[in-house]
């Protein structure tokens with residue numbers, strides 16, 4: 001017993017600096033996670049600090065500890081000195097395993113204790129809840145140390161095995177119906193790790209304990225079989241021939257898995273028969289639910305049956321995707337919600353299509369046309385260099401047979417060009433144009449461009465451009481990128497539509513000048529607006545101010561949209577931001593909206609100020625900016 005204690009003290013003294021660095025690493029990680037959670041405006045539980053540490057940082061600590069205690073010892077062959085001492089072969093690995101378990105358990109349970117101190121003053125925590133979390137934490141940590149110890153004993157095979165296990169889990173998760181998150185140690189730190197307060201996860205605990213015992217026995221077996229010669233052989237570096245052979249075997253196994261495993265078949269998305277209209281001659285479905293909404297659904301169905309099949313023919317598609325519209329009376333008549341479905345399930349939009357003063361059927365049709373184009377191209381139509389014709393065709397399509405575009409479309413286009421026309425650089429940075437002007441206003445500007453193309457070269461040129469850009473789904477690999485480089489929009493306009501891009505833009509400018517003259521009396525204010533971050537009552541406050549040269553129409557409202565955009569300028573979709581709304585005071589020319597304390601220091605927030613209830617029939621964007629909260 002004294003010899004074993006001496007061996008344990010020797011390991012502890014030898015690795016004291018490394019263990020201290022490990023404790024420091026976990027302490028810093030815990031502190032950073034605590035600051036992140038405390039800085040959030042809202043959180044479910046402060047115990048998420050402990051959960052995140054267990055999921056992401058404890059495995060790193062376990063890997064480092066296993067490498068330090070086992071891999072370094074056997075790779076450096078210093079275990080031979082220990083084997084020459086009057087100790088059993090199992091004693092060496094048992095001491096290392098016990099030391100590793102004690103250290104990793106101390107780190108894990110120490111994190112739990114510190115987090116409980118942080119959380120206990122902010123939320124209700126009882127003894128049963130603490131016991132459940134402690135059991136999950138201790139069992140998870142025990143498994144991790146046993147696993148990393150056994151993998152360390154496997155020597156040169158450990159890295160290929162790590163990769164193989166990771167790939168196998170990914171294949172099982174993506175290629176089968178099995179839920180990896182409900183398996184053993186993963187289930188212990190799953191989403192309900194710090195949320196489940198009453199139910200003991202008996203099965204995951206038992207499975208994890210069994211796995212921990214299995215890995216521990218494997219480590220002991222490798223250390224003792226054939227007097228330790230197997231472990232010593234595995235500790236040697238892998239030869240080039242062995243490495244190449246192993247890579248070939250792994251690749252062959254992966255290829256065989258991918259070729260032989262059955263595809264992950266899931267049932268297609270379908271609606272039940274009750275309260276649903278289905279077109280007999282086109283894949284169009286409209287859900288109306290209550291019987292009194294059926295007449296409105298029938299009117300919408302008649303419009304979609306007239307409009308969507310001609311779009312299919314014009315774009316040269318073999319068929320339309322399934323188009324579904326679901327009634328949602330909580331929305332207004334010009335606001336639509338896109339619902340993400342599976343790859344082959346078509347498109348689904350929620351809309352309030354009840355006939356009323358707010359109902360905008362053209363806007364819904366434009367939305368559906370754009371989504372159908374996206375589906376037909378596998379989303380490639382949203383690639384920024386070729387995106388504006390997509391938005392233009394979508395907004396132009398509902399009134400393509402009218403002698404002129406609707407007045408609201410023309411007014412929106414004039415508003416979008418109040419400071420800058422549709423020059424080539426603005427068209428190529430179309431996502432930025434959408435963010436600055438709003439989706440419907442930018443779409444109206446693009447619709448005028450499509451209408452100008454029809455005026456200059458005829459409707460066949462519009463359809464030819466649509467077929468060239470969106471008539472087929474491009475390959476999902478580098479060929480699509482190469483094709484985009486070799487066929488920029490300027491070349492496609494020239495080859496498919498028979499017009500030079502510069503000539504189209506010049507005609508576009510001329511049309512806008514003519515529209516500006518014909519709508520000289522329209523309400524089109526000059527605006528001075530800005531968005532800043534100030535400090536008010538000790539809180540960082542986002543402030544949006546706008547001043548018009550004339551008051552807006554009575555009943556106008558203003559909304560402040562805001563979204564935490566993170567460190568990069570990602571595109572902000574219309575449904576992502578939160579909105580604060582208020583009425584614009586009648587007769588007033590200025591307004592100020594404030595967001596106090598909504599975002600913490602370091603947040604980067606996208607903010608837009610929109611005016612609604614104007615002749616545009618769509619939100620009039622007064623200001624847009626990305627601001628950083630100091």
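Along the chain as shown, the residues are counted starting at 1.
For all residues, glycine too, the Cβ spot is worked out from N, Cα and C.
Among the ranges 12-33, 276-297, the stretch that TrEMBL annotates as transmembrane segment is 12-33. Between the transmembrane segment (12-33) and the transmembrane segment (205-223) there are fewer than 3 Cβ pairs closer than 8 Å, counting only pairs 6 or more residues apart in sequence, which means the two stretches are not in contact. Residues 4, 7-8, 11-12, 19, 22-23, 26, 30, 34, 45-47, 49-50, 53-54, 58, 61-62, 65-66, 69-70, 73, 79, 82-83, 130, 133-134, 137-138, 140-142, 144-146, 148-149, 153, 216, 219-220, 223-224 of the same chain lie 6 or more positions beyond the ends of the transmembrane segment (92-121) yet place their CB under 8 Å from a CB of it. Sequence-distant contacts of the transmembrane segment (53-71) (same chain, at least 6 residues past either end, Cβ-Cβ under 8 Å): 11, 15, 18, 22, 25-26, 29-30, 33, 93, 96, 99-100, 103-104, 107-108, 111, 137, 140-141, 144-145, 147-149, 151-153, 155, 158, 189, 193, 219, 235. Sequence-distant contacts of the transmembrane segment (127-147), counting only residues of its own chain at least 6 positions beyond either end whose CB sits under 8 Å from a CB of the stretch, comprise 47, 50, 54, 58-59, 62, 65-66, 97, 100-101, 104-105, 107-109, 111-112, 116, 184-185, 188-189, 193-194, 196-201, 204-205, 208-209, 211-213, 215-216, 219.
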